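See below for the structure under consideration.
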């Protein structure tokens, strides 16, 4: 046996002797032992070895140790020690076992001293996370804990829009439905940021210097739907923006002659501003998306096994946000059902399916996927055929038919996919949801891909227009508006009408459920359209912002009046991660690729817009760099940077290589951590065994002692 | 600086800000919520640190807690004496831990205490049975409850002592990404 165990037993047996003697004395004096009450002492002498409970002293000691370790920067014991010994806790200094610091006051003063020696941010973090009561924390807290920055931040009007509405929704429907509304709020933030960037740098300035254009047509109500007519020559579209420098007094003169005006007012290069603003808004959106994605991933991705479902269900399934009585009752019923299902599942898992059943299951799956992919193909062919034949007619209202058809398909097909998913019995209800989302997403992305190809090639769409960018912008505007109308119709039919049918015709007490996945995919689709259209219609984020604002209130009202809380288990945080991943991966990246292709390879139209007559939009940037080079010879370094870093493709390969190396490194780190988790689990199990062994050994030591005396 | 409130001294408000996850505005809003439970007991002036405790019945009647099956345990865990009667400090502490910003470990610590009905620092089988019965409103049969508790202990107990210690509980919570969103009350 390990020598330290031997030592421990010797120590403890001598301690037992000492306590026994004291107890004899106390018994002799006729009062209870001052150290421990009688009965536990007699029955369980090894009570001394059991770990102390979570008393205040223990918590303070634990946090003292943690703070000290933080200060000494040795947070993890080295790996070799873990392999060789089963008791690393014996090697480290522990305030709990230090006999010199026994009293609570001593421990508290030590903790305060340690806290003062940390940096302010670490100190405030440590103070917030220590699980003591508020009164205790106030006595511990040294003055002025939080940094100045945080104080300034808290002075800002804490704008918590929709706080009460979200509380109402969470209180009645729980975290899962709330995640849809939080996602909507996130999208609203992205759109507002894009809109502000474009407003300040492009739209407002062009509005201040309107071009001398043709007289606008009269306003009929149809423009709000089609985006054509009165809106064609307005700030909404690409064609309105000028291609020269605004506010430049020398603009009317030829380039070579010198400009005699003494102090030129601030000239503003509109093409450059246009392409940079669009680029910057995409960059900012990308950074924010990657940041939310990484936060989400950090919270919801777990290294390790998925066993322990029942324990997690018992401790984490109760949603404390739900406060309405009826919803609480429903939640109790749901948890009851889920526990029963889990129990039945675990018992039936021992039975494996026969070969015949497995083949049948596989055939059903294959059939379902074949059906869904063929419907996707059918939809794509229908859209293609329609767009080819529709442009033969040139009436204004006909322009709405293609968006109408695409939105109709997007509304009807998911119902079919949901039906298919219920027919094929998946392993778990969550898998069912994922499969339905996947099919829905494939449909939407393929249709959007086809439309993008049509817009860029312009063989059928906008082929006769002079200003094709405005035409594409109008098309996208129509798609966004039609998407909004169909979302409203979908809400109306799926929730209101279905509830009325259920109540009156079928006489069932159930209300329809809020289909979270379908609604979130509609939001993602709408956002993809906006991102695709930003280059061609700079005010499209504003339209999308308005749409999202209206959608919030309409969906909330419909939810409150028509729906019941979800009955299926729904891992809210996991699904939030999935939603934001879907927003980034096919949606944003697809739009970014479309934008990059348009900027780099597509020739802009000759007669309208900020990039008239150039070979491609990127050329405006190149021209500007050349002008800079000529005008100011001191900044040749900038030109050099531009030539060798931005234009050179070697940099791209290098950056991709570095990224792949970082990803590989992180994967290896995760694998290593998995191994450590296994080792540590074994160690804990071994320590448990050690404890039992030591208790038995001490029992025998105590028994020997009693027999001897 | 907009310092027009007369309820707390600036030092008190700063101390509250340092020790909870709330901003000044939220702390004041929570104070008024506390006061609304019993306007005759809670003074409007806390600068001289009055010793006011609201009984559990008032706390348990708040709309955020009144239908929660664990409300009594929550009040007991966060109250000073463990009897459910809460001072303003306890009240703020409770909603701070149950707010969005509290970290996982802190929430797990208090969740463990809430589910530990007999306060022995371990979740034993009887604690689990009480928890399951509260979760399901006694809809499960006693055999099912017993089976669930056995399986939970089997799954979550890492050191094999037949009950769940704080470390076992925290280890299990780490594998549940939903815990942060479910152990959250909006106030």
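Indices start at 1 and increase along the chain as displayed.
Just so you know, glycine gets a Cβ as well, placed from its N, Cα and C.
Quantities reported herein were computed from a predicted structural model and do not represent experimental measurements.
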TrEMBL annotation of transmembrane segment - which of the ranges A:398-421, A:470-493, A:494-517, A:614-637 it falls on: A:398-421
Range annotated as transmembrane segment in TrEMBL, from A:154-181, A:182-209, A:210-237, A:238-265: A:182-209
Whether the transmembrane segment (A:575-600) meets the transmembrane segment (A:433-456): three or more C-beta pairs under 8 angstroms: yes
Which of A:433-456, A:529-554, A:650-667 contacts the transmembrane segment (A:272-293) most, counting Cβ pairs under 8 Å: A:529-554
Outside the transmembrane segment (A:398-421), six or more residues from its ends: residues with CB under 8 Å to it: 225-226, 228, 368, 371-372, 375, 379, 382-383, 386-387, 390, 432-433, 435-436, 439-440, 443-444, 447, 451, 474-475, 478-479, 481-483, 485-486, 489-490, 515, 518, 521-522, 525
The domain 'TMC' (A:467-573) [mean pLDDT, rounded to integer]: 89
Residues in the domain 'TMC' (A:467-573) grouped by DSSP into helix, strand and remaining coil: 81 helix, 2 strand, 24 coil
